[in-house]
Amino acid sequence: MDINRVTEICKDLMLTPGLCGYESLVAKKMKAYMEAYTDDVRLDKIGNMIATFPGTDPEAPKIMMFAHMDQLGFIVRRIDDDGFIRVDRMGGIPEKVLPASAVWIGKEDGSGYVQGVFGVKPHHKQSAEEKFTVNTIPELYIDIGALCAQEVYDAGIQVGCPVVYEPAFTELLNHRALGTSGDNRKCCTALIEAAEIISQKPHASTIYLVGTVWEEFNLRGAMMANRTAPCDIGICLDGSLAADTPDLKNNSVNNTVYEGGPVISAYSFHGRGTLNGTIAHKGLYDRFIKVAKELNMPYQVNAAIGGLSDTSYLQLENDGVACINVGATSRYNHSPGELSGLLDVQMLGILAGNVCLSIDKSFDLHRF
């Protein structure tokens, strides 16, 4: 696809709300995009979008390449008598950015969204201490303009309704995009780019391109997709942290930069609570680097602590799935204003698609 088409698709997906567990609108759009490249596209029981591209050799390893469709956000946990709405987080929310942030609240019947805003105490009335204090999410509230709880109920909102940042997309200089849910709609876009490449040439392996659910919630969507589309190889496309901003470049152990090319991950580890991560399958890692060089494409490698992807659990399926994480960098991850480079998104799709085309029965699935 040319860069204008990449931009168009990424904009469409970023402007579509889809909290964990409420990905239906995104899944239906992903399904429609994939149907341009294969007749075999379905949604499984939990909502994963699975597009199948049959291979020519049944002995070649089956590949699942996936990008999560869900975005982080909140769940309504209480509606106060005076009409203010309290929420709990769904995913890794940066509390600092929430006051005065616009949000959408999904109606209980699924018919649409109601706009609102996180309340903020006026600057004129904040004490010197308050100006430098970050409130926790349970302390915050959302205002939809209602004066009582009944007005909130009448608007279609109940406890348990989904909440997301107000969807936004602005194209900036030189094919760069600012907006919400760049994590991970940009990699969903790269998955569609890969579909175009894969559909144009015969390939030995059967390839499943999957838009997964629940990643920001429990990282189990790809694991469940494997139950209906069993794979030998798992390739995760997900956002990566750009560590070249003034607040990170002098104190971060992450070496990846914005628009430095696709990121090929050698190692990831959460390190906080959950002892899990992914050590890349060496054969896959080497294959991504080899294909990037053949395409004369810039790329970055990294080893990072503090994040996980679905590969952490997919790698434990069957008798062991060979896994790797690859992605494209963003600035201001998990905020309402993520900055993504669309040329990197395009390159990621091209690289990942060509890696899938290159795999045949000679590929060694063993780690050593």
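The first residue you see is number 1, and the count goes up from there.
Here the Cβ of each residue, glycine as well, is placed from N, Cα and C on the backbone.
Annotated in TrEMBL:
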- E215: active site, proton acceptor (ACT_SITE)
- H68, D183, D238: Zn(2+) 1 binding site (BINDING)
- D183, E216, H334: Zn(2+) 2 binding site (BINDING)
As a whole number of Å, the Cα atom of H68 (Zn(2+) 1 binding site) is distant from the Cα atom of the residue listed as 'active site, proton acceptor' by 6
Residues lining the Zn(2+) 1 site besides H68, D183, D238 (CB within 8 A of their CB center) are A67, N184, C187, E215, E216, L237, G239, S309, G327
Cβ within 8 Å of the Zn(2+) 2 site centroid (D183, E216, H334 excluded): which residues? Q71, L72, G91, G92, S181, N184, G239, N333
Around H68 (Zn(2+) 1 binding site), how many other C-beta atoms are within 10 angstroms of its C-beta? 32
Based on Cα coordinates, which of the following recorded positions are within 10 Å of H334 (Zn(2+) 2 binding site): D183, E215, D238? D183
Can you count the other CB atoms that lie within 10 A of the CB of E215 (active site, proton acceptor)? 27
Determine, from DSSP, whether D183 (Zn(2+) 1 binding site) sits in helix, strand or coil. helix
Between D183, E216, D238, which of the binding-site residues has its C-beta surrounded by the fewest other C-beta atoms within 10 Å? E216
D238 (Zn(2+) 1 binding site) and E216 (Zn(2+) 2 binding site), distance between Cα atoms, whole Å: 11
Take the C-alpha atoms of D183 (Zn(2+) 1 binding site) and E215 (active site, proton acceptor) and report the distance between them in angstrom, rounded. 11
Determine, to the nearest whole angstrom, how far the Cα atom of the residue listed as 'active site, proton acceptor' is from the Cα atom of D238 (Zn(2+) 1 binding site). 10
